[in-house]
Amino acid sequence: MDSSADPRNASNCTDPFSPSSMCSPVPSPSSWVNFSHLEGNLSDPCIRNRTELGGSDSLCPPTGSPSMVTAITIMALYSIVCVVGLFGNFLVMYVIVRYTKMKTATNIYIFNLALADALATSTLPFQSVNYLMGTWPFGTILCKIVISIDYYNMFTSIFTLCTMSVDRYIAVCHPVKALDFRTPRNAKIINVCNWILSSAIGLPVMFMATTKYRNGSIDCALTFSHPTWYWENLLKICVFIFAFIMPVLIITVCYGLMILRLKSVRMLSGSKEKDRNLRRITRMVLVVVAVFIVCWTPIHIYVIIKALITIPETTFQTVSWHFCIALGYTNSCLNPVLYAFLDENFKRCFREFCIPTSSTIEQQNSARIRQNTRDHPSTANTVDRTNHQLENLEAETAPLP
């Protein structure tokens with residue numbers, strides 16, 4: 001068991017977030033989104049005071065060129081994830097809102113997933129600044145917002161993927177019931193319910209998050225009641241169970257039943273075209289779920305291991321910790337790429353947005369003209385009456401033959 005989790009060491013390690021060499025801290029849940037608590041941070045007194053300690057403190061991660069290489073690599077990766085994630089997810093939401101044909105039940109769930117991913121990637125600039133400066137300069141309010149957004153993203157994403165898996169199961173295994181259940185309206189209601197469920201952890205985390213001035217820098221972290229080691233590890237275990245184990249079990253059962261159904265029945269709907277679309281959408285959702293699990297499994301496993309045992313702090317441990325966190329965020333920018341490659345409708349809409357053809361421009365112009373006509377019917381009628389009056393006047397004033 002971690003020494004910081006032992007109540008006998010409470011006198012020497014009263015704060016699990018403290019990077020002091022007196023204790024070996026378990027990274028807090030907020031450290032999943034906050035670089036100020038990661039091993040090897042620039043604000044760590046182990047690094048700042050290495051000269052004073054004579055470089056002999058074995059609890060401090062080794063410094064040197066690997067730390068600089070790690071910092072540059074992390075900043076480059078997070079910049080790419082932020083740009084691609086924001087642009088890609090906003091493009092997904094725009095396409096679903098813009099095109100009527102995209103307003104299906106599955107795409108409504110995809111909209112919810114894109115919204116959660118966009119919110120998560122929007123916090124990366126704040127965390128990058130925090131990592132470079134070694135302190136949190138944005139105040140308590142933004143600290144609460146950034147940490148709560150991370151938890152909202154984690155839970156809303158996995159709840160939405162569970163919903164999409166159940167939705168696919170109903171569409172494949174119970175096609176008759178799917179006609180009444182799988183509607184855009186029901187999908188929107190379920191999305192709202194997913195956000196409400198996520199608030200069960202998102203709101204408490206928002207109240208628990210605060211800024212602390214310690215060792216010459218400001219930390220953005222979660223505060224726990226005493227004994228802190230108990231509540232901190234309890235939160236980690238709850239997150240591991242409800243945001244990973246249970247959802248993965250639900251998804252596995254749904255897709256296991258779907259695979260058995262698809263193998264046993266050659267024709268699902270009586271139409272080859274409908275069956276092809278059904279299998280294509282099911283394959284896309286399966287890939288999205290699989291990528292999510294691959295990206296989030298390492299950080300969940302890592303946090304649980306750190307909560308249970310003491311891991312020696314080495315360069316490899318520091319790099320692997322950063323890599324696990326970066327992998328979790330990378331998932332937020334991968335989904336739009338997956339849609340572009342796996343779904344023909346998304347691919348076509350993305351292409352029209354990026355490279356509009358002449359026919360697309362004409363359709364947009366004609367739609368705009370029709371909209372203006374509907375918005376201003378009196379103006380159109382006035383113009384028609386004026387033209388008619390001019391024609392009558394010309395006929396009346398024309399010279400007789």
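Here the Cβ of each residue, glycine as well, is placed from N, Cα and C on the backbone.
What you are looking at is a predicted structure, and each value in this text was computed from that prediction instead of being measured.
Judged by Swiss-Prot topology annotation, Phe224 lies across the membrane from Glu344.
Among the candidates Cys143, Cys324, Cys333, the disulfide partner that Swiss-Prot records for Cys220 is Cys143. When Asn49, Asn215 are looked up in Swiss-Prot, the one carrying the note N-linked glycosylation site is Asn49; the rest have no such note there, which does not rule it out for them. Among the ranges 70-74, 150-154, 335-339, the one that Swiss-Prot lists as motif 'NPxxY' is 335-339.
Around Tyr169 (phosphotyrosine), the same-chain residues six or more apart in sequence whose CB sits under 8 Å from its CB are Cys254, Tyr255, Leu257, Met258, listed in sequence order. Residues in the topological domain 'Extracellular' (209-231) partition by DSSP class (helix H, G, I; strand E, B; coil) as 4 helix, 12 strand, 7 coil. The Cβ of Cys354 (S-palmitoyl cysteine) lies under 8 Å from no Cβ of any same-chain residue at least six residues away in sequence. Between the transmembrane segment (108-132) and the stretches 144-166, 281-307, 316-339, Cβ pairs under 8 Å are most numerous for 144-166. Among residues of the same chain six or more beyond the transmembrane segment (232-256), those with a C-beta under 8 A of the stretch's C-beta atoms are 5, 16, 26, 28-29, 154-155, 158-159, 161-162, 165-166, 168-169, 201, 222, 224, 286, 289, 293, 296-297, 300, 303-304, 307. Contact between the transmembrane segment (281-307) and the transmembrane segment (316-339) holds: at least three of their C-beta pairs are under 8 Å, each pair 6 or more apart in sequence.
Secondary structure of the topological domain 'Extracellular' (308-315), assigned with DSSP and counted as helix (H, G, I), strand (E, B) and coil, comes to 2 helix, 0 strand, 6 coil.
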